[in-house]
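TrEMBL annotations:
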type	residues	note
ACT_SITE	Ser153	active site, charge relay system
ACT_SITE	Asp277	active site, charge relay system
ACT_SITE	His306	active site, charge relay system
DOMAIN	73-310	domain 'AB hydrolase-1'
Amino acid sequence: MFDEARLEDLRIQVLHSRERAPWLGGDLQTVAHRITYRDLPIPGIETPMQFPLRDGSGDIMTGTLHDPGKGGPLVILLHGVAGSEDSVYIKATARHLAEQGRRVLRLNHRGAGSSLASCSVTYQCAGTAEIIDILDTLPDGLTERGIFLCGFSMGGTILLNTLAELGRDLRICGAMTVSAPLDLIASSSRMNRRRNLIYQKALLGTLMGLERKLCGSGRLLDENPLPRPRSLLEYDELFTAPRHGFANAADYYRRASPFLRLGQIKVPVVMLHAENDPWINSDPYQRVNESGCSNFRIFLTPYGGHVGFHFRGRPRPFFLDVLTHTLGEIGG
């Protein structure tokens, strides 16, 4: 499933990685991509895509396909909380893959990005049915070489829950997560620390902007005035949990955490996480590493922040090198 000799070289690179100045510390690593990103063209034929969901809601998810014409597995990118297909790390990853000749789909989660105009609800960590719908409706011509999934932050959580739901699916040749929350209760506790108030304010601003647009569109069934959550925990208590059938935020976190379901995943999965991630704790990754699951490989770096990984001697984020290596491992 994995070539251990080739992975050993990657492990050595992880152990010797050091932060690149001036992005020192987890916080600067986390925000660096917003400051340094250059919006360059992504190679290949660009095709907008729509994916009608099969739950009777009439909702339609959207994305953008980039096809440089060289084949290989289709790589599907899943963005994180308060993001979209236009998040800078998604576009940087798509460009990196397309420059290698790989087909890549930048997906908007339900109610994110351009899909907000055609959806009645927003996405959540247990939203596996939407991803399965998309996998089932992709044209055969895109998937004849297989499908590789890469999820960032919350997108990684959704990805892992989907893989656990699917079990053994021959269409999927592998997957990778970057800075994904495995234990939502622990992640919520970490995010709610006083030091993270500025992050919460920024994320809540984006999420509540989506809620106001949904409310203004008339697609929300609840016509009561929008509440004003003061934290992501309150947001999940007031919006996510009741909207998606959970008793409360604690019930949502418990049922949507992929940690206890990882044993149901049957495809090769690489996980990259930083110990100094200010949002997501690393303890669950250490426990997965100790579990001995043969289809998981954990790369836990001392540095990197949240979806950062800006290291010395590397012109691009380290997660792009890990992704390229992983695709090479599965023959993509």
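Cβ atoms are placed via backbone N, Cα and C, with glycine included.
In this structure, the C-alpha atom of Ser153 (active site, charge relay system) lies 11 angstrom from that of Asp277 (active site, charge relay system). You'll find the Cα of Asp277 (active site, charge relay system) roughly 5 Å from the Cα of His306 (active site, charge relay system). Ser153 (active site, charge relay system) counts 26 other C-beta atoms within 10 Å of its own C-beta, drawing on all protein chains shown.
Taking all protein chains in view, 25 other C-beta atoms sit within 10 angstroms of the C-beta of Asp277 (active site, charge relay system). The Cβ of His306 (active site, charge relay system) lies under 8 Å from the Cβ of Gly26, Gln29, Thr30, Ser153, Ser179, Ala274, Asp277, Pro278, Trp279, Ile280, each of which sits 6+ residues away along the same chain. Over the domain 'AB hydrolase-1' (73-310), the average per-residue pLDDT in this prediction is 94.
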